[in-house]
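Engineer: Okay, handing you the structure first.
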Amino acid sequence: MTPSLTPLSIIVILLIAPNLTSGNAHDYRDALSKAILFFEGQRSGVLPHFQRMTWRDNSGLSDGWTYNVDLTGGYYDAGDNVKFGFPMAFTTTMLAWSVIEFGDSMPPAELRNSMVAIRWATDYLLKTVSQLPNRIFVQVGDPNIDHNCWERPEDMDTARTVYAVDAPNPASEVAGETAAALAASSMAFRSYDPGYTETLIRNAVKAFEYADSNRGAYSDNSNIRDGVCPFYCDFDGYQDELLWGAAWLRRATQDGSFLDYIQNNGKTLGAEDNINEFGWDNKHAGLNVLVSKEVIEGNMYNLASYKASADSFMCSLVPESSSSHIEYTPGGLIYKPGGSNLQHSTTITFLILVYANYLARTSQVLNCGNINVSPTWLRQQAKKQVDYILGDNPMGMSYMVGYGDRYPRRIHHRGSSLPSVKDHPQVIGCKEGSVYFNSSNPNPNVLVGAIVGGPGEDDVYEDNREDFRKSEPTTYINAPFVGVLAYFVANPNP
């Protein structure tokens, strides 16, 4: 049991923030390299000559043909063979934000690999907005059919249905997140490719204009609802993506019109809804942290409500604070119900480090009522989450495939669990793959760097391919972890 602490003693403890070390020293650089490599295993389209995940091959080469448009490329979001635009755009935003905030901490090779991973996504996203202002493409592949098959992406014979939304029908969450992704990526590319940066900004603005002019959820369109739900419906509403897209366009362009938008529309679009969540579906906590930079570093006090919400979110991580608290497992992992729990740990850990940096650069602390929390304390909490994922947990298991000696071997992932086309060039049909799905053998292809959904609220993880909530990796679990690991490469003991 934690001893009771007086407010003063808490203040002293948190401000001093002693150097707590985990039980094992982790190789954060190795983990970073592998976290980025994972994205090569998720690639769709014609693979490049420098492909390092060599058990993969070309796939989805006819994507878009039903609309006479090229929609090849991009990423499969998880262990299936569907390209969902909404989580792919969020993945892209988080990869770009990782480079923006922590690129200076990345070894040169990993910074380069991160930029390649971002561009693989943005080149695809640019295709999805190529027919704006009239149409946006939001998905390729019928998930209901795809999920009834267990086959390699290289063998896909299921319908590659293209899901498109035409004006004036709504697609605010997908278009808003795509705007955020392209705007954030423009900042990542600014020093390397000014021409590409301009292309990204121009298309980000078009995507945002579609989102704002045709307000509503893309799942409201009856022609695509069955294809996007229940997989990637925006259960928390589209309003946060409008503010999120505008906030990223403000940061990327410094255009005052986007500043006015997030200032004038915050209340009506729910910015003051103090929701302690951040992920592909809900942008509130990330939005508040992002906009808080304008307040903390730019003295834009007309945006103070965003910082107040960000402070409230951070205080929910402090057990001694009076705020409502985020739940932890007995082993110390941030936990939210619903499955694929590590998506919450990686995104929240990313926000902790970003906010700690904003505070530290201005010599500020986080005020949680009668408790002052230092940036160092926040960083140490982030480190606990990272070390838990990498193996300092009750199972003694790394939840990153290929990192450490003990990691998940039977992940819920078609390409990883089936023989590669190089080892088994004959086609493995839709139902023929079931024998591999049901096998108790380890996956033949190691999806290096993949972070699985992770353990439940009791810290227990069974290495079971059938339990997709725990054993399936996703791009949006890995993307924020790239930035988190980059920070700890440069600062292993905050």
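One is the number of the first residue shown, and numbering goes on along the chain from there.
Each residue, glycine too, has its Cβ placed from N, Cα and C.
TrEMBL does not curate its annotations; it predicts them automatically.
Taken from TrEMBL, the feature active site covers H412, D463, E472. Positions annotated as domain 'Glycoside hydrolase family 9' by TrEMBL: 28-485. Look at TrEMBL and you will find 1-23 tagged as signal peptide.
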Engineer: Among the active-site residues listed here, D463, E472, which has the most company in the form of other Cβ atoms within 10 Å of its Cβ?
Structural biologist: E472
Engineer: Could you measure between E472 (active site) and D463 (active site) for me? Cα positions, answer in whole angstrom.
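Structural biologist: Cα of E472 (active site) to Cα of D463 (active site) measures 11 Å after rounding.
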Engineer: Relative to the Cβ of H412 (active site), which residues of the same chain, six or more apart in sequence, are found under 8 Å away?
Structural biologist: G79, R465, E466, D467, F468, S471, E472
